Amino acid sequence: GSFLILIIFLLYRIPLRRVHPGLRTLNLLRGWGKPAKLLRLGAPSPGDKPALVPLSKFLDAQYFGEIGLGTPPQNFTVVFDTGSSNLWVPSRRCHFFSVPCWFHHRFNPNASSSFQPNGTKFAIQYGTGRVDGILSEDKLTIGGIKGASVIFGEALWESSLVFTVSRPDGILGLGFPILAVEGVQPPLDVLVEQGLLDKPVFSFYLNRDSEVADGGELVLGGSDPAHYIPPLTFVPVTIPAYWQIHMERVTVGSGLTLCARGCAAILDTGTPVIIGPTEEIRALHKAIGGIPLLAGEYIIRCSEIPKLPAVSLLIGGVWFNLTAQDYVIQFAQGDVRLCLSGFRALDITSPPVPVWILGDVFLGAYVAVFDRGDMKNGARVGLARARPSQADLGRRETAQAQYRG
């Protein structure tokens with residue numbers, strides 16, 4: 001029994017809250033105008049550093065949690081984003097015309113006794129706008145871990161209205177160090193290096209049950225089997241920048257095969273949907289009866305959900321099935337129900353293989369354990385079916401009964 005207690009003691013939990021994306025998801029991809037490029041590592045780039053763009057192109061990510069910066073801690077809500085590697089929050093010193101700054105919590109260096117100025121300028125380009133500011137150093141409080149000295153960005157200018165409407169104040173990146181702007185050590189690496197976290201492992205449990213406020217949990221230092229149905233299937237990270245793995249293929253029902261020769265899949269908590277190559281996503285929507293709407297969105301007839309085929313992803317020799325209940329995003333406004341497809345098209349030019357991005361539609365159905373590995377073992381990702389909440393199970397049974405009736 002004592003061994004088990006030790007394990008639980010070493011996990012740090014951060015509750016996640018959900019913003020109902022509302023109809024703002026209708027405009028999700030406005031930031032990805034031209035096909036995005038993922039530079040291959042080792043490819044020469046301006047300034048001779050791999051210039052990798054953080055993947056979270058839209059900051060209306062739906063899941064966020066709380067951190068503290070400074071002494072005493074000043075609290076901020078941040079998106080925990082596996083597609084980028086920097087931590088930034090709005091600054092008290094932000095530009096008067098930077099509208100998003102007025103609507104969010106702002107860091108005040110004068111109110112912190114542990115603040116250390118750094119002053120290096122930074123800029124992070126997202127698809128929907130950019131963030132400019134200066135780097136500073138102070139103490140981070142996260143999920144009960146206190147006292148880590150981190151370098152973070154104080155945002156002085158946020159260029160886009162997207163930042164104004166986004167609920168969270170800032171972003172905490174959980175990608176690999178190579179993605180970090182200005183070569184700043186990512187927060188996770190700091191926690192491990194300063195001995196505050198045993199292992200560079202974290203896991204996400206995203207609760208997509210829209211009727212309850214609990215958005216899920218980010219667990220630092222490991223994973224909680226109460227969140228998933230074991231066993232975990234582990235697959236190696238192929239390019240340690242994004243959390244990128246190999247996907248063998250994707251099938252829709254029994255009739256359609258996509259990603260037939262294998263493709264790259266990036267697990268990204270900062271992306272609400274599943275993104276795939278244009279041609280393949282078009283074929284997928286034809287197979288599930290999606291009706292094209294504005295800006296690459298597809299509507300699904302809500303009454304059809306129980307009859308729609310499963311979309312299955314073959315990863316590490318194991319099939320990960322998504323039912324329509326998993327891949328259709330449902331909104332209810334009064335009596336009106338709107339059902340949108342959780343798939344979007346985007347061509348990401350990263351030869352030699354096509355790229356899919358598995359965002360929250362996938363990560364809500366499957367718990368992911370992100371393990372950075374150590375000197376002996378490379379980085380890997382573990383996947384297992386999420387345990388549905390009791391309320392969710394009840395509602396699914398009702399929906400099935402209505403359909404049968």
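Glycine is no exception: its Cβ is also placed from the backbone N, Cα and C atoms.
Unlike curated records, TrEMBL annotations are generated automatically.
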For this session: Based on the record in TrEMBL, give the one of Cys101, Cys259 in a disulfide bond with Cys94.
Result: Cys101
Seminar exercise, completed: Spacing of the two Cα atoms, Cys339 (disulfide bond) and Asp81 (active site), in whole angstrom, works out to 26
Seminar exercise, completed: Smallest Cα-Cα separation from Asp81 (active site) among the recorded positions Cys94, Cys101, Asp268 is shown by Asp268
Problem set entry | Asp268 (active site) versus Cys101 (disulfide bond) - Cα distance in angstrom | 26
